[in-house]
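Heads up: the structure comes next, in structure tokens.
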Amino acid sequence: MERAGPSFGQQRQQQQPQQQKQQQRDQDSVEAWLDDHWDFTFSYFVRKATREMVNAWFAERVHTIPVCKEGIRGHTESCSCPLQQSPRADNSAPGTPTRKISASEFDRPLRPIVVKDSEGTVSFLSDSEKKEQMPLTPPRFDHDEGDQCSRLLELVKDISSHLDVTALCHKIFLHIHGLISADRYSLFLVCEDSSNDKFLISRLFDVAEGSTLEEVSNNCIRLEWNKGIVGHVAALGEPLNIKDAYEDPRFNAEVDQITGYKTQSILCMPIKNHREEVVGVAQAINKKSGNGGTFTEKDEKDFAAYLAFCGIVLHNAQLYETSLLENKRNQVLLDLASLIFEEQQSLEVILKKIAATIISFMQVQKCTIFIVDEDCSDSFSSVFHMECEELEKSSDTLTREHDANKINYMYAQYVKNTMEPLNIPDVSKDKRFPWTTENTGNVNQQCIRSLLCTPIKNGKKNKVIGVCQLVNKMEENTGKVKPFNRNDEQFLEAFVIFCGLGIQNTQMYEAVERAMAKQMVTLEVLSYHASAAEEETRELQSLAAAVVPSAQTLKITDFSFSDFELSDLETALCTIRMFTDLNLVQNFQMKHEVLCRWILSVKKNYRKNVAYHNWRHAFNTAQCMFAALKAGKIQNKLTDLEILALLIAALSHDLDHRGVNNSYIQRSEHPLAQLYCHSIMEHHHFDQCLMILNSPGNQILSGLSIEEYKTTLKIIKQAILATDLALYIKRRGEFFELIRKNQFNLEDPHQKELFLAMLMTACDLSAITKPWPIQQRIAELVATEFFDQGDRERKELNIEPTDLMNREKKNKIPSMQVGFIDAICLQLYEALTHVSEDCFPLLDGCRKNRQKWQALAEQQEKMLINGESGQAKRN
């Protein structure tokens, strides 16, 4: 029984796909003809286009730019420089700070840490005005025993609520007067000078019945330690009860001679703190009544009892004054720290602020800061000088020319060499510095009396970077010059720590600024030389303006494309056609001049002395990407930004390739190896890509919004890094597994990123898919580059290269190619074909070339066997 032929309906169904394919070929031919005959196309559009067609043309080319918070335009300057755009990686790993205050202590109602002064300036230093205190109750002078207890309680109450040493001691003396009835009372406090030598200063002098606090506290008398009655009591810590002062050899009658007062009997007692240290001396003079005008044992007991209260008062007051002083010091140091880290741009400005702070706080006449010359340690590179009269001025320059010669460098030089502070109470009496004799007798304002000089060290404490010199500490009330004391030394020692930090930070900032300025100049010069020549740009622009052949005419949509017959200028025209046909020029408002210059600049930055990884390889990678997008039907799976980034990445992925791989860069200890921990050359290629994109006249991304710009750069970087085969091998397993399980989804952002990386590798390796004659020729170029690297490894690194790089193993190329296809290529193109069946030509070409290389490998093996057997027969 004969089989019936196909019905008419079946024949019609079979003919329809053939007619559709023929119709598509006719349309492609017409479109290619129109692209090649632009004058006719333009004339036809002008004559035949309707309003609907024009509106549709506009609607097709409207590029919607999302509004972002940072702004739509004008980002090319702020984001143009990769150095400015890349955020700094935070590699710091701070340890757990030492707890210095418990969490519960923060809940205590303390004063605010940061306060505002009367002018509204934020400061750590609180207002110095004291809170108003309750006035002292006047003493009562009842003589009965019961009332003495009430007076003691009253005195204890005053001591617990007041910290004014002078007022409290004055009241204590008035209480004492009611018991021992002396004519005069005096209070002397123990002090120390800068040399830790003790002396006595009167806090109350000649307190008498009816005297006021102001009268007895104005006179200030200094007594030497262990001299006179008071000095002797202070030194020994034992009381003295003297009946006749003039009969005691320790008595100094000079005060009587000055005041005209006649001293007869003296009761002098030490005032001690809880550690039994003498902190003061109290003196009662001339017993008024009873016992022949001399002080009795009862007077001594009563005097000692009340002086115990004076000891408590002095101790509490000293603790309070010390805490206030430390608090003020810490606040000043905090203000200084804030000042230092607020200003780091100018060394002169920060030193002016430091000097002004020191002069204001320490009440000195002059402050000079010497900066050590880094190149010559025996001299100073700069000197900053300020005087107290300049505090109210707003001068920006500290050192004036007419003052420079009056600054004495000798003390600073001495301190720099010894690395120890120097405190001279009176320079005219110091025997260590003979040059100071020139100041003797000089009473003008330029005279140096007291001096404090401290080294400024760096953070490691082993190098002096400067010296701070203070001249003439002034009395706050009288303006007289006085010596610097130990407290001044300690404060300045803490002060210069912050000064050292400020100086170091500012010097580092200035050094970084200079380095950045040099880098900017270098980048400017590099950008100029990296950019294409203007004549070449104008030539390409004029050719592109006249006519750019269609993609079909140029055959750049074919996976079997070859560039061997094209000139460099023609490859640039092909690149323009790729950007045009992918609608990138229209969608992102690219200027033709800028696009032409960018393409030529990219071409220029590929090294011509590299056999394979040059401009032609980059162009072929971009052509394969274009063919995959167009003929492989991948374009409709991607966004416009992704297409733009992929094409830029394909053209730029091997910029400035040196003809060697990452392994050679690492083993040769090339400076590039110090910049990146992996994918060394790929990171360098991306940096070169950024440099060209941001060079003047090459900014093809200037039409993007800020968010689009950031997104595009991110995709470009990921795509270029994906061409590192080490990363490809690491990530391909996940991609292949998704394809195998039929779970691949381009809507997933991570899978989309993974697919773009695989697509970049497929295009980068596309030479393995070309027709056999093209594949053979490219393989020779690759082998030439690899063998050149092997020669360099032997010569420069003194190592034996691998077979892939070994010129002596050239006969193994076919077998190595087969191994490369099996290990790297085949599975990739199989997976890509699963994503888009129209990419099958890549897989087919790869399989055919494997067969060719396999045949050559077998032939090579037979020749090797035959050669060995023939050699054996001859032997």
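Yeah, the Cβs are placed from backbone N, Cα and C, and that goes for glycine too.
The record from Swiss-Prot ties H617, H653, D654 to Zn(2+), and of the options D488, D724, D748, D764 it ties D764 to that site too.
Taking CA atoms as the reference points, Q817 (3',5'-cyclic GMP binding site) and D654 (Mg(2+) binding site) are 22 Å apart. For D654 (Mg(2+) binding site), the same-chain residues lying six or more positions away in sequence with a CB closer than 8 A to its CB are Y606, H613, N614, H617, A618, H685, T723. Taken residue by residue with DSSP, D654 (Mg(2+) binding site) is part of neither helix nor strand, so it is coil.
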